[in-house]
Amino acid sequence: LPICPSGSVGCQVSLENLFDRAVKLSHYIHSLSSEMFNEFDERYAQGRGFLTKAINGCHTSSLTTPEDKEQAQQIHHEDLLNLVLGVLRSWNDPLLHLVSEVQSIKEAPDTILKAVEIEEQDKRLLEGMEKIVGQVHPGEIENELYSPWSGLPSLQQVDEDSRLFAFYNLLHCLRRDSHKIDNYLKLLKCRLIHDNDC
């Protein structure tokens with residue numbers, strides 16, 4: 001759904017409405033990324049011992065994110081908003097390359113479709129979050145916080161095991177980060193829209 005009808009002048013969607021959309025979208029992205037990870041895990045990762053290698057290998061690990069709800073509640077909403085933006089921005093490149101490189105994997109039609117959908121929806125969520133930040137802190141240019149990704153060569157390795165592990169790790173991280181964003185947005189909505197009464 002477009003935020004405003006095309007050609008509408010001075011259209012302003014309420015903050016509550018923007019948060020509703022952002023929370024729905026982030027929930028959708030998280031459920032898609034979980035499905036994609038689970039399908040990939042079942043089809044390609046069985047018996048390869050990927051999980052034991054995948055711990056703490058996410059490119060967004062350099063962004064300090066709260067580990068649980070209690071920690072997240074200690075963070076000022078402005079910092080939490082910027083953190084969500086930073087994590088979303090950090091996924092722009094990897095998602096773009098995931099969409100093109102996943103097509104090299106044999107018999108992965110479902111994964112390809114989900115990757116394309118996630119990449120599109122992630123862009124929408126980032127746009128929505130920029131609108132939210134613009135309303136919460138008008139006129140303030142948020143810092144360009146993000147974590148660069150250098151994993152493209154690993155998605156293009158000739159060795160199939162290494163290449164599949166690189167995909168596995170990326171999908172594992174996407175599921176992890178989309179879950180964090182989903183939780184942070186619910187927390188922010190509760191705090192900024194419902195005055196913590198939820």
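Any Cβ shown, glycine's included, is placed from N, Cα and C.
It should be emphasised that the depicted structure is a prediction, and the values quoted were computed from it without experimental measurement.
Annotated in Swiss-Prot:
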DISULFID  Cys4-Cys11  disulfide bond
DISULFID  Cys58-Cys173  disulfide bond
DISULFID  Cys190-Cys198  disulfide bond
Ask   = If you count the other Cβ atoms within 10 Å of each Cβ, which of the disulfide-bonded residues Cys58, Cys173 comes out on top?
value = Cys173
Key: Helix, strand or coil at Cys58 (disulfide bond) [DSSP, three-state]   = coil
Note = If you tally other C-beta atoms within 10 angstroms for each of the disulfide-bonded residues Cys190, Cys198, the top scorer is Cys190
Request  = May I ask you to report the DSSP-based helix, strand or coil state of Cys198 (disulfide bond)?
outcome  = coil
